Amino acid sequence: MKEIKVLGTGCAKCTKTVEIISAIANELNIDIDIKKETDPEVIMAYGVMSTPAVIINEVNVHSGSIPHREAIESWLRD
Amino acid sequence: MFEVFTDLASWLVVDIFGLSKTTKLGDALHFFIEDTTKIFFLLLVMIYAIALLRASMNVERVRDYLAGKHKGIGYLLGSSFGAITPFCSCSSIPVFLGFTSAGIPVGITMSFLITSPLINEVAVLLLLSLLGWKFTLLYVVVGMTVGILGGVFLDAIKAERWLQSFAAKALERGQNAPYKVTAKNSDVLSLKERHTFAKEEMLEIFGRVWKWVIIGVGLGSALHGFVPDGWIEEHLGNGQWWSVPSAVLLGIPLYSNATGVIPVMESLIKQGLPIGTTLAFCMSTVAASFPEFILLKQVMQWQLLAVLFVLLLVAFTLIGWIFNFLTPFI
C-alpha cells in the first residue's frame with residue numbers, strides 16, 4: 001500500500017490536494033494511506049518550501065501546487 | 001486607453017440603472033463599476049503576461065541563489081526577490097525554514113519576507129493604473145527600503161538567538177555545511193509550458209484576489225461617494241503628527257492584501273489625505289497582520305515577534321512622517 005503524505009501548513013490548497021488524491025484513489029480502487037502533515041519541522045526535513053507538496057513512500061514527487069489529475073493517476077498506478 | 005471603462009460605467013449607471021451621476025449613490029456606483037472593470041481587465045491581461053516571463057522563477061531557485069551570498073548585497077537581493085517571486089503567504093513558514101536551513105542569515109530571509117507582501121506584480125499594476133508612475137516608484141522604493149533596513153537591523157541585533165530551537169539548529173547546520181544546489185534545473189521551458197503556467201497562474205491569482213478587489217473598491221467607492229467632500233482634507237489634510245501613528249495602529253487589526261488596499265488608497269488620496277499618512281496606513285494593513293504573526297510563532301520565539309512587530313510599526317510611522325514632510329518639495 002502506498003503511503004502518501006501531503007505537506008502544508010494548513011492552507012486551503014493542501015486540504016484540497018488531500019481530497020483530490022483520495023477521490024482519485026477511490027475511483028481507481030487503489031488502497032492508499034494518506035495523511036496531512038502540518039508540522040513545520042517535518043516539512044523542513046523533507047526540504048520542501050512550496051506547499052502543498054506530495055510525498056509518496058518517502059519520495060517527494062510534487063510541490064508548489066494542487067497536482068493535476070494525470071499526475072496523480074500516474075503516481076497511484078505505478 | 002482606459003476611457004472605455006469610464007464609458008461603460010456611465011452607460012450602466014445612467015442608461016441602465018437610471019441614476020444621475022450627481023447623486024451620491026450614482027457617483028459611488030460609477031466609481032465602483034469603473035474601477036472594478038478596469039482592475040479586472042488589467043489583472044487578467046497583466047498576470048498572464050508577467051507569468052509568461054517569470055515561468056521559471058521560484059523560491060527554490062531564489063534560495064539557491066541567495067545561499068552563500070555576501071551579506072552586504074544579500075539584503076538588497078533578498079528584498080528584490082521578495083518583490084518579484086510569487087508565493088502564497090501560506091508558504092511563509094516553509095520558505096522561512098528552507099532559507100534558514102540553507103544557512104541564509106535571518107536578516108536576509110526577513111528582507112525577502114517583509115518585502116514580499118508589500119510589493120508584487122498585482123500591487124505595482126494597480127498602483128500604476130490608479131495612482132500613476134511617480135507614486136508607484138515611490139511605493140516600490142519605500143517598500144524595498146523597509147525590507148532591506150529591517151533585515152539589516154534584525155541581523156545587527158542577532159535575531160537568530162530568538163528562533164525556535166529546531167530552526168536555530170537548522171540555521172547552524174546550514175551555515176557550517178557547504179551548500180548544495182538542490183532545485184531542479186528546468187531552465188529551458190518551451191513556450192507551451194510557459195503558456196500553461198501563465199494560464200494557471202492567471203486563474204489562480206485572479207480566483208484569489210477578485211473578492212479583495214471588490215471589497216477594496218467597494219470601500220473606496222463608499223469613501224468617494226459618502227464621506228463629505230473636504231472632510232478628510234479638513235481634518236487630516238495637514239499631516240498632523242499624530243495622524244500617522246494613528247493610521248498605522250488603525251491598520252494593524254485591519255488585514256488585507258495589497259490588492260484590496262490599493263483602491264482604498266486611491267480614494268483616500270483623492271479625498272485629500274496626505275500621501276505619507278495614506279502610505280503608513282496601507283503598509284500597516286498589508287504587512288502587519290495578526291494571522292501572519294500567529295503563523296510565525298511556529299518558528300520564532302515571542303521576543304523576536306515583538307521586535308519584528310515594533311520594527312514594522314516604527315518603520316511605517318517614520319515613512320508616513322517623512323513623506324508628509326517631503327510632499328511640499330516633491
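Each residue, glycine too, has its Cβ placed from N, Cα and C.
Here the structure is a predicted model, which means the values were calculated and not measured.
Annotated features, as they stand in TrEMBL:
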TRANSMEM  B:39-57  transmembrane segment
TRANSMEM  B:77-99  transmembrane segment
TRANSMEM  B:111-131  transmembrane segment
TRANSMEM  B:137-157  transmembrane segment
TRANSMEM  B:209-227  transmembrane segment
TRANSMEM  B:247-265  transmembrane segment
TRANSMEM  B:272-290  transmembrane segment
TRANSMEM  B:302-326  transmembrane segment
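For the transmembrane segment (B:247-265), the residues of the chain that approach it from at least six positions outside its boundaries are 35, 39, 89, 117-120, 122-123, 126-127, 130-131, 209, 212-213, 215-217, 219-220, 223, 277-286, 288-291, 313, 316-317, 320, judged by C-beta separation under 8 angstroms. If one looks beyond the transmembrane segment (B:39-57) by at least 6 residues along the same chain, the residues whose Cβ comes under 8 Å of a Cβ in the stretch are 5, 84-86, 121-122, 125-126, 129, 186-187, 189, 193-195, 197-199, 201-202, 205-206, 209-210, 213, 217, 263. Scored by C-beta pairs under 8 angstroms, the transmembrane segment (B:137-157) has its highest count with B:111-131, from the stretches B:111-131, B:272-290, B:302-326.
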